[in-house]
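Written below as structure tokens is the structure these notes are about.
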Amino acid sequence: SEVSFEEENQKHPAVGHWKPLMPSQGNKEELETGCQDAGGVGESQSTEQLNVSRLRSSSVEIREKGSEFLKDELHKAQKELKLKDKECERLSKVREQLEQELEELTASLFEEAHKMVREANTKQAVAEKQLREARGKIDMLQAEVTALKTLVITSTPSSPNRELHPQLQSPSKGGFRKGHGRNKSTSSAMVSAASQNVASEPVSRECREVDSILFAEFQAWKESPTLDKSCSFLDRIYQEDIGPCLDFTKQELSERVRVAVEQNTLTIEPVASQALPVGKVAAEECGGPKKCALSGLPRTCKHRIMLGDSGNYYYISPSCRARITAVCNFFTYIRYIQQGLVRQDVELMYWEVTRLRREMSLAKLGFYPSEM
């Protein structure tokens, strides 16, 4: 019956107001302790949650800052990489340019070395040729100096030594010899020809009178002899004698002849004694055995001239040859005076210069010996 009662109570619980029972002292302490334990657990859980949220927020901030820092570092690295790429490209271009310049410099150095070798060989050949020519000229000039010293010591233009020069015994053979003893314009035959003319046309000293102005100019030149045409002595002779005497129809060739005579590089050769060369210039400029290259007129040309070592020969008429020879004789004599080879009185040298000027004047007017 009790069991059934309990089952009925469970099925149909009693409804009504229940009064709370006052807990005992022990129960009250237990309740407070339970509440405290429940509150401590809640506070600890909230603290842990707060710490977790703080950790999460700090980790988020760290991640954000770390990502920003990494982005900045990446950006800087990219910039540095670009700069390094540009620097590498610039250095590669500089290297290529240097390599190209080095190749060009090497090629130019080799070319310059070959050029210097060629020039050295050419200069050596020219120097050897000039040395041979100079030795020949030295031997020839030594012979001329010896003959001239003997002639000056034993003979003067006013009183030539006929025993030393037997060719002076025949006045009819005076003038220039047929053919030159040497081909250069400084022919030693000038002195003998001058003596022949003096012998064939004797002039007494009483009939001559020294021009004071001309003599003063010659004395001033004799103090310091030079071939510079700016001095008053040679300037007068150039204007009055040399210039008109070498003034031919062919002006350009005339100027070249004058320069060759001044530089002592003119060669005169008889045509009959030499084979006809192959000239480097046009035939009409060189003339021919029947045409004079200086005057351009049809004349029988027995001689030809060469200017320096050009290898070009120009045929000249007897009149042109006489004019050129007269100027060459004048330059030869004043060169002897300049070199100190003429040891005569100043007045005698002056009269010899005057005689040579007269020869240039006569040749300029067309007078020349028949043997030419």
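Every residue gets a Cβ built from N, Cα and C, even glycine.
TrEMBL has this to say about the protein:
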type: COILED; residues: 67-151; note: coiled coil
type: COMPBIAS; residues: 43-57; note: compositional bias 'Polar residues'
type: COMPBIAS; residues: 156-172; note: compositional bias 'Polar residues'
type: DOMAIN; residues: 45-149; note: domain 'GDP/GTP exchange factor Sec2 N-terminal'
type: REGION; residues: 1-57; note: region 'Disordered'
type: REGION; residues: 156-192; note: region 'Disordered'
- Apart from its near flanks, which chain residues at least 6 from the ends of the compositional bias 'Polar residues' (43-57) lie with a Cβ under 8 angstroms of it? none
- Note on the structure: On the domain 'GDP/GTP exchange factor Sec2 N-terminal' (45-149), the mean of the pLDDT values is 86
- Message: Can you break down the compositional bias 'Polar residues' (43-57) into helix, strand and coil residue counts using DSSP?
- Response: 15 helix, 0 strand, 0 coil
